[in-house]
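Structure, as structure tokens:
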């Protein structure tokens, strides 16, 4: 299945205005193509005479007030606001059409209500008559009618659920199945986490989530993707909602970043998750955990859906990085308990790492079990035992294990001595990736240079370019940036090579303390202090910090296995880089 191109026909509900329109303009700039934008606004209707010369809602409102009471002018506040909104909507649609054309697309707007099946078919039939080109459906229509559930009316329900659910049914009935290449549904994180006053909106979006899973089974030749967007900085987010999200520590999605994410999702190789949550869980206080209960998450690790694995190859085989598996544990625990953050990982071990010899997917099961929290932790804190295994012909095979400490109160970040200035002749990071010291490909190459090292420690200056979301695959960066965290283990690998001539791979970590996320494209420093080393292993305490010594991540008792045979494998990787 190829990405969209100049001959692709995009059918976009709700595409004339707002956030969906912003996404359409981004798609036009990225892929070209033809766009049928569907919405209830009629941009061809003549504007009222009082609106002439007024730009923006405020000026339009003033103009309407001046003309109030004249023939055909709005007379009540409700009529006034409706008249202003109609003018604004028409202008926004026309601006969207111009922007799509300017970006390189061909756009047509069809004023139609997607909940009216007959009207929708009449509008779409002529536009689809040429029968040429693949079709991508982007279903972005949506309406809010927020109020407490006890005050909800049937009209509220129909107004909110209709565009999402009935609209999807009608659109799928109108579009020829043989031409339908991709279906993208705009859902909402409200369906996952809920928002006050949005019971009907949450329900409608969760129906879209389930519909995408059902449609994937029924239409295997069509890619299904449902994006559970968090709140956008714009769109349907009102001032009161903005305050609500700020109070729950939920960041708003930047429109440019969100539109870019959609374009990259459409361009990437199919086969990944059908359902994607974009954003962060609200910091709601979780209910207390009751008696221990096992929570299982199953993941089909598909090599083709995880491009980053191509940059983590040892002896010709793709290896799932230990830090990526650890990040999966963290993300799953935080999804299970919204409002809590993983602040520490204890007793992390790699039993049988995931090594991929071909493109055959691996079925993994993650199990999370609540434990009693230590007395030293607060009453709201939780400890989960985590283990990952896969089923084999001879039974289950353990892969990874750890204990996760979660708390609603992230700890303050400690400080260490500031990193030193580089010594003369310090090794440059790029050489370490080419001479067999390290085996990592470009997505993991975060070491810039060695600042200092001796028999007891090593300091590194680091900076990792941003890893595209499309390359992160089934393991997107969330509260822990595993691509950056991997540099902590790389520091140990560099020390082993410089002081023993051998190579090493991560084995375990007694404790990890997570203080603050480290973003991409920002300089940071890695320090490893050697605890012990022998012919078969090396253990160290590692910190990742900023230039002032403030710690972002600490690995206590991290251990790597040491091997001369690994050194030969690494050299082979470096020679082919």
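Yeah, the Cβs are placed from backbone N, Cα and C, and that goes for glycine too.
No curator has checked TrEMBL annotations; they are predicted automatically.
Computed from a predicted structure; not experimentally measured.
As stated in TrEMBL, the feature region 'Disordered' covers range 406-427 out of the listed 252-273, 406-427. Across the fold, the C-alpha of residue 312 (active site, proton acceptor) and the C-alpha of residue 486 (active site, proton donor) stand 11 Å from each other. Listed as Cβ neighbours of the region 'Disordered' (406-427) (distance under 8 Å, sequence separation of 6 or more from its ends, same chain) are residues 283, 285-286, 333-334, 337, 339-343, 377-378, 380-384, 449-452, 459, 461, 513, 515-516, 525, 527, 543, 545, 547-552, 554. Under DSSP, residue 312 (active site, proton acceptor) is assigned to coil, being neither helix nor strand in the three-state scheme.
Counted within 10 Å of its Cβ, the other Cβ atoms near residue 312 (active site, proton acceptor) come to 20, all protein chains included. Long-range Cβ contacts of residue 486 (active site, proton donor) within its own chain (separation 6+, distance under 8 Å): 321, 323, 324, 440, 444, 446. Regional average pLDDT for the region 'N-terminal hotdog fold' (275-404) in the model is 84. Helix first, then strand, then coil: DSSP counts for the region 'N-terminal hotdog fold' (275-404) stand at 23 helix, 59 strand, 48 coil.
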